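Reading through the structure tokens given below for one structure.
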């Protein structure tokens, strides 16, 4: 029996295994400069607006320069049953039921993954497993959306089902870079267990480590360094991880990098 089958049996019985570990976003001072919007089922927005789904910054910016909580949206038609939408996931806010069944039926696998709607996601994939690695108009897979929104249980489920964690979106975004930017150390860990490329870079030279530094996500920085992330890789802006930490004044991130370097030097003796 594969490791996926017990989870599959639980889903067929209507019971979803709970993720027992404490899950919290690893952020000391800011949201990491990442603006995520849940993909909408339908939209009247112009193409330019739809292209602003993710904005990953690798230049030193003050937290006030990044997208505000007001920029985050919920699915159309669910405003009356959702609490105020913020970068905190709906489950963390206590929205155990995030949408009515009628609404869920029209959502794509990408939307369901972002919202953590595991039962409905499982139903979609059971009907058509080709949706597992399906890319949307930005090149994002369901796994990428789940990683970006900190949905650990969905990430684990998709990986066990066979989702490819090394797929890159149209601008070379990856599940690992999105999890790193969002501050989700537990998702970084499970992605690394599935042998993802830790040093993959995106359209502006950003690596997962650079995004973790940019977001002031100390635990993510430590996790990535423990898995062997390259400290010498620079973004197109010319910043290395340490340069970026110093420019932003993130003392704890600097300390984490320094401790890692000292440990490497000690082990070489």
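A Cβ is built for glycine as well, from the same backbone N, Cα and C atoms used for every other residue.
In TrEMBL, the feature region 'Disordered' is placed on 1-47, out of the ranges 1-47, 48-94. The helix, strand and coil residue counts that DSSP assigns across the repeat 'ANK' (204-236) are 16 helix, 0 strand, 17 coil. Secondary structure of the repeat 'ANK' (171-203) per DSSP (helix as H, G, I; strand as E, B; remaining residues coil): 17 helix, 0 strand, 16 coil.
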